[in-house]
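Enquirer: One structure is given below, represented as structure tokens, and several questions about it will come after.
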Amino acid sequence: MLSAKTIEIVKSTVPLLQEKGVEITTRFYQILFSEHPELLNIFNHTNQKKGRQQQALANAVYAAATYIDNLEAIIPVVKQIGHKHRSLGIKAEHYPIVGTCLLRAIKEVAGAPDEVLNAWGEAYGVIADAFISIEAEMYEEAAHKEGGWKDFRNFVIVKKVKESDVITSFYLKPEDGGKVSSFIPGQYVTIQINIEGETYTHNRQYSLSDAPGKEYYRISVKKEKGVDTPDGKVSNYLHGHVKEGDVLPVSAPAGDFVLNMDSTLPVVLISGGVGITPMMSMLNTLIEQDSKRNVYFVHAAINSNTHAMKEHVKAVENEYEQVKAYTCYSAPTEKDLEMKNFDKEGFIESEWLKTIIPTTEAEFYFCGPVAFMKHINAALTDLSVKQEHIHYEFFGPATSLQ
């Protein structure tokens, strides 16, 4: 339990964190990786280079300071981060290392006096304990459910399927021949990739793109532009070098962006680009479980060449009367225009959504590039969709949709 004095001191640093938060977290990661380079086997190098991880951590530290007198308020965020930590294999012993480096960064960047550093040291201990406790429960649950396991387990790529010019699916089965644990539609797994010539292991999280209850997991990966770009290194390796029969270490499914199976409301699945992957898991689950809920599947792509899984979605729409699918192409090809195989040219807008979705009393799920997600969030706000009915997932560190 933190003293009133400690809480007061930590809360007094909120303006400082607002002003220098990213500077502090940038310095923190420099210290962390300089003194503990082995942790580069866990953290996503791309998010480091782009500054996304630094921003996400700055946001988390700022929230912790703001709500230090009411940490219950940030438990949902702690759980969301906890899912990623469990998926990556972050353990209790990592927290003291992080705490030491964070306090050093606060001192170096802000010139914080000992009184502030001591207060933050106490506060960090309480926050770390919350993470450790929640993540311990997650490790237990993942390991002890049927077909479950702890940390990483080797999976064989039994099938590799090209879904579009830029997206390929990988079907994964356990190398040990055992069962795979079930998951909730919308969840992801972490895969480990060791690229020849690279010093450190690359971890990447990919949404599971099929319904649970199969003998395999399926991930569907977008090939990012440029082999030498941070984004493209792993995705190009998967597309170009990983083949059927290869083995990849995989973590148990994780994540809190999940389909609410208890709701009876209609379901609206809105995706942009590779954001279609968790939506496919949700769609397939709804039809396989014979749900009678109306489903509106809205997808945005550049054109038919980059539009993955369109034949499957069309087949589902044709077979199940409760499913309606709509496609928006930002730059349709001449063939697309000739075939009229899409519903709207340009971008998804609130006025168009109003014409294809008859009610705002529905569960709305969306995923895609950050700019797309900001646009969709604004559109749903325009339509006065209730906040509790809006669900979304970032591919990478969380950011603001405002």
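Along the chain as shown, residues are numbered 1 onward.
Glycine residues also receive a Cβ, built from the backbone N, Cα and C atoms like all the rest.
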Enquirer: Report the candidate from Y188, Y217, Y365 that shares the FAD site with R204, Q205, Y206, S207, F394, F395, G396, P397, as recorded in Swiss-Prot.
Expert: Y188
Enquirer: Round to a whole number and give the Cα-to-Cα distance in Å for the pair S207 (FAD binding site) and P278 (NADP(+) binding site).
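Expert: Each residue's Cα considered, S207 (FAD binding site) and P278 (NADP(+) binding site) end up 6 Å apart.
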Enquirer: Just the number: how many Å between the Cα atoms of Q205 (FAD binding site) and V274 (NADP(+) binding site)?
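Expert: On Cα coordinates alone, these residues lie 13 Å apart.
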Enquirer: Any idea what the Cα distance is from P397 (FAD binding site) over to Y29 (site 'Involved in heme-bound ligand stabilization and O-O bond activation'), rounded to a whole Å?
Expert: 15
Enquirer: Which whole-number mean pLDDT does the model give the domain 'Globin' (1-136)?
Expert: 93
Enquirer: From the centroid of the CB atoms of Y188, R204, Q205, Y206, S207, F394, F395, G396, P397, the recorded FAD site, which same-chain residues not already listed sit within 8 A by their CB, in sequence order?
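Expert: Those within range, site residues removed, are E393.
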Enquirer: Among V274, I276, the binding-site residues in question, whose Cβ has the most other Cβ atoms within 10 Å in this structure?
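Expert: Of V274, I276, the one with the most crowded Cβ is I276.
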Enquirer: Just to be sure I understand, if DSSP states are collapsed into helix, strand and coil, how many residues of the domain 'Globin' (1-136) fall in each?
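Expert: Breakdown, helix to coil: 115 helix, 0 strand, 21 coil.
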